[in-house]
Structure formats: structure tokens, C-alpha cells
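Structure record follows, encoded as C-alpha cells.
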């Protein structure tokens, strides 16, 4: 059972992304008004805006939290061709009494020549690493060699994907059997490149990332992509938001010999495909146990998907943009562009039409 709670986000333009921190008690929103807002859940159960500041000179597409092991750190990316890293500084006590916190810019990453469309921190077992992707098809991986000095970031890898990148997702598996892996989605609408999703894997021998797989069946623009938490599986599960919702299974094929080099080859299977949104799907997000997938689309609804014991995926719930449950089909309402699931219990939705500048919260 989900109960809706509306948040007057007070953004002056469209909300593009909503992101929870690791514990699900802080969230960040970003908007075309060029700002980022940070929200904290109080003891009263209400969400309070504790910081709001202009971050970029263009629309802010994405915002994401680092693992709390590295402190209170955010990254954002923008149409202004940059990504930025922000750190919260403990301010004076009177600021805390007013419920405000200070965030300062630690660095600006300026390598991209086009809009930076997504930004993600790598899984914490890899250290403090940050990945960006750009509309010109380049994925960049940065590392902070000293986690105590977030003003210094070195560019470790540049991956040319040859497609207009729109979204990225790290494989969260920390198993030594799985090399670091990143999925990249593209949203160019031309048919020059048939496969709009690529899987790149780190090669220990060459110390570079190489393309391991292209999902050739994904031919429409991809808006979001998300690896499921691994939880000891021998295969990987990848959710994709395109003109519908798709869930893929990537099963690593056994290498011919232990000494064989080159990226892993995968057997790619479609686990599920849903066109229930009857429209473009903008966000997909897993819960922490990878048992529940949430998707949001232009039909103005969030849909929840769950697999039964036979591994058949079915819709287990539909929520409108205002948080009300849907019985049966629903007509279009405000288009939803952002959905995040920090755990099994919470979900956040950002409304993405000019008339929708609120964030909608559904705690379970």
C-alpha cells in the first residue's frame, strides 16, 4: 500500500531528476531552472528543503549522491556541457537551527564539448569514481585519488560509444567474478545505429574498457537504464526505459580458456517487455533487493513490476502523478520524468510538464 504525499518543490521550471541518498532519508531534485534542491526527512516524517542553489548555466539533467562513506557529496550534470561535484559543509549552529545547510562546489568537469546528459558514481568498492556521458557519444570516467580532496579529479577513461548517449548505469556487483561493467543508452532518433544500448566491460590486461555487447533489439531512443542489484546471481539483470519497459537478462558465457582475453560475451534474453504506459517511458528504478521495478512515463503514471516464483513479471500497482492508485486503465495526466526507489518502501516522482513543478512522494 502506497500513500501519497505532495511536496511543494518550488522549482521554477521542469523537474528532470530526483535522487535519494543511500539511506533514503535525503533526496535531491534538479530542474531546468538551473538549480538543485536538497531535502531532508525530519523527525515529523515531513520532507524539508535544507538547501537550494544555482548549480549550472543551463538545464540540470541529473543529480546523484555518492556513497555516504565518502561524505555528503552530490554530482550534477547540465546542458551547459559540464558536470559538477558538490560537498556539504557543516555550517554555523544558527544555520542548522534555521534548517539550512551549505553546499560548495569542489570541482567542475569541463571535458565535454556537448550537453552532459547523465552522471553516476561508481559502486563504492571501486573507490570514489564518477562517470559522465555526453550527447556526442563519449563516456568519461573520473577518479578522486584522495577522497579527502574532492577538488582533484583525474580523467581515467574515455569511451567512444558512437551514439548520442542519454543515460548510464554501473553494474553494482562487487563479485570478483564480474569485472567492472557499465551500460550506456542512447536517445538519437535516427536509425544510423540500430542498437541503442551498449555494455562496456573493464579489461584487466589492457586496463581499458571495451564494448562487450550491443543490445541490437533496442532500436528506439532510450531514456533511462538501470542494472538490478546483483545479490549473488551468476547473471545480470538490466531494465531499460524506451517506448516501453524492457528487462534483459545478461548471462556471461564461459570463456574458451582461462587465458582468453577480450571482453565477456553474453547470452542476451528478454525477461519481460511491457507497453502498458502506451507512451514513452522516462525512468526505471529498482528497489534494493531487485524484486520490484518502478517505471514512469508520459501517461502520467508510475507502474510497479514484480516477478512471481515462475519468474513471470507482472504489474502489481499503478499510481497517478498525484499519487492516487489506478483501478484499471487511466487517462493521461501530467507526464512523469523522474522516479527513484531507494528501497522497498519509498518512491519519488518528479512531474515534467510545465504545469507540474511539484515532487510527489509515495512512502509505503
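Yeah, the Cβs are placed from backbone N, Cα and C, and that goes for glycine too.
Annotation source Swiss-Prot lists repeat 'WD 1' at 10-49.
Residue counts for the repeat 'WD 2' (55-96) by DSSP state, with H, G and I taken as helix and E and B as strand, are 7 helix, 19 strand, 16 coil. As annotated by Swiss-Prot, repeat 'WD 2' applies to 55-96.
Under the heading repeat 'WD 3', Swiss-Prot lists 111-152. The DSSP breakdown of the repeat 'WD 3' (111-152), given as helix, strand and coil counts, is 3 helix, 18 strand, 21 coil.
The feature repeat 'WD 4' is assigned by Swiss-Prot to 160-210. On the 0 to 100 pLDDT scale, the repeat 'WD 4' (160-210) averages 89 in this prediction.
Sequence annotations record features per position, and here Swiss-Prot assigns repeat 'WD 5' to 217-258. Remark: secondary structure over the repeat 'WD 5' (217-258) totals 0 helix, 18 strand, 24 coil, with classes taken from DSSP.
Swiss-Prot lists 276-315 with the feature repeat 'WD 6'.
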Tertiary contacts of the repeat 'WD 2' (55-96), as residues 6+ beyond its ends and Cβ separation under 8 Å: 13-14, 16-17, 19-23, 26, 28-32, 34-36, 38, 102-110, 112-121, 124, 128, 130, 132, 134, 147, 150, 153
Three-state composition of the repeat 'WD 4' (160-210), taking helix and strand from DSSP: 0 helix, 23 strand, 28 coil
Long-range neighbours of the repeat 'WD 3' (111-152), counting only residues six or more past its ends (CB under 8 A): 58, 61-67, 69-71, 73, 75-83, 85, 87, 158-174, 180, 182, 184, 186-187, 200, 209
Residue counts (helix, strand, coil, in that order) that DSSP gives for the repeat 'WD 6' (276-315): 0 helix, 22 strand, 18 coil
